[in-house]
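*Asks:* I have a structure here, written as structure tokens, and I will follow up with some questions on it.
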Amino acid sequence: MTDSITLTRPDDWHLHLRDGALMQQVTPASARRFGRAIVMPNLTPPVTTTAEALAYRERILGACPPESAFTPLMTLYLTDNTTPEMIREAAAQGIIACKLYPAGATTNSDSGVMDIRKLQATLETMAEEGILLLVHGEVTQAEIDIFDREKAFIDNVLEPLLSRLPELRVVMEHITTADAAAFVRSRERNLGATITPQHLLFNRNHLLVGGIRPHFYCLPILKRRDHQEALREVAISGDSRFFLGTDSAPHDRYRKESACGCAGCYSAFAAIELYAQFFEEAGALERLEDFASHFGPDFYGLPRNNDRITLRRAPWTIPEVLHEDAEPIVPLNAGATLNWQLADG
Ligand SMILES: NC(=O)N[C@@H](CC(=O)O)C(=O)O
Ligand SMILES: [Zn+2]
Ligand SMILES: [Zn+2]
């Protein structure tokens with residue numbers, strides 16, 4: 001049995017660091033594990049301009065431990081009013097991606113895009129400037145079942161968008177269905193996908209059997225087991241279009257344990273350890289490094305990290321709650337055992 005894994009330092013290609021006190025609490029956990037992270041712009045109010053993104057970047061750097069070399073990669077939140085000029089300015093200032101939230105699809109998405117077809121000139125400029133489009137891939141029409149919203153997005157929004165913009169590089173974030181996995185595989189180029197630890201480790205039974213478990217509630221919602229199986233298969237397949245993006249999305253415990261609990265799982269406290277748990281369960285530990293550390297930078301056209309991290313087998317119990325004396329957060333899979341620990345240094 002392997003007792004230690006050393007791998008190129010991984011990156012997180014989908015992360016919510018929030019702002020203010022919560023950002024101070026959660027940022028060190030990501031900075032310890034990852035070299036870089038694509039930071040989501042869904043603050044309140046959202047990060048829609050380059051100036052806001054650069055100011056946010058400074059606040060994040062201020063929340064990193066002093067010795068940390070963590071690099072936040074900044075994104076802009078697309079709205080109906082994002083112009084080609086704004087994209088050119090963003091590119092000039094080192095912003096590497098824009099995020100599409102269909103209006104109303106998820107946490108803090110109210111100012112999201114109403115009709116993506118109206119943003120054609122902006123998206124063309126993104127393709128020209130080499131800025132990636134990251135999508136929360138769910139439609140929002142009330143009549144579409146919540147379990148079908150990802151598939152409907154692929155058919156009604158994503159496929160036509162990719163046909164209109166063959167040069168635009170797109171990442172379908174947090175994919176949750178066999179349909180999304182098959183769609184990404186079916187494209188020739190320019191489409192990648194991130195997969196979260198919760199969608200690899202769990203399915204909707206974990207959310208709903210024996211009581212409603214709000215800490216497994218995220219969007220897109222956990223799907224049935226056969227979708228989980230399809231995601232597991234592509235994650236270990238060695239297909240370089242699928243890579244790590246935690247979607248770690250912390251919320252105060254009391255906003256999740258509520259009559260109307262909000263969406264988001266907190267995984268940054270042990271993100272790479274959770275993925276290692278899954279790869280080991282799947283008998284594919286030797287594929288972890290490609291998924292976690294190689295395929296993401298390759299897709300983004302960035303260099304791979306040149307330092308390494310080590311995980312050691314040392315089983316521990318995930319605490320029931322973290323940051324109890326500040327804003328308490330319940331971690332993903334609280335109370336369960338994780339086999340791996342990050343070695344210091
Ligand atoms: N995934 C979630 O359930 N929530 C995210 C938003 C998102 O990534 O859709 C959040 O910001 O809380
Ligand atoms: Zn999302
Ligand atoms: Zn997210």
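Along the chain as shown, residues are numbered 1 onward.
Glycine is treated like the rest: Cβ placed from N, Cα and C.
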*Asks:* Just to be sure I read the record right: K99, H174 are listed as binding Zn(2+) 2 in TrEMBL. Which of H136, H215 is listed for the same site?
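*Replies:* For Zn(2+) 2, TrEMBL names K99, H174; of H136, H215, the listed one is H136.
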*Asks:* From A29, A55, A121, A263, grab the residue that TrEMBL records in the same substrate site as H16, L17, R18, N42, H136, L219, H251.
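*Replies:* Given H16, L17, R18, N42, H136, L219, H251 bind substrate in TrEMBL, the matching entry from A29, A55, A121, A263 is A263.
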*Asks:* Given that TrEMBL lists H14, H16, K99 as binding Zn(2+) 1, which residue among D239, D247, D252 does it place in the same site?
*Replies:* D247
*Asks:* Running a distance check here. Ligand 3 versus the recorded positions L17, N42, D247: which have CB less than 6 Å from one of its atoms?
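*Replies:* D247, in sequence order.
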*Asks:* For the domain 'Amidohydrolase-related' (12-310), what's the model's average pLDDT?
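*Replies:* Per the prediction, mean pLDDT sits at 97 for the domain 'Amidohydrolase-related' (12-310).
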*Asks:* Report, as a single number, how many Cβ atoms besides its own are within 10 Å of the Cβ of L219 (substrate binding site).
*Replies:* 21
*Asks:* By a 10 A CB contact count over all chains shown, which of the binding-site residues listed here is most packed: L17, A263?
*Replies:* L17
*Asks:* So, three-state DSSP: helix, strand or coil for N42 (substrate binding site)?
*Replies:* coil
*Asks:* For H136 (substrate binding site) and H174 (Zn(2+) 2 binding site), what Cα-Cα distance in Å is obtained after rounding to a whole number?
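*Replies:* One finds 8 Å between the Cα atoms of these residues.
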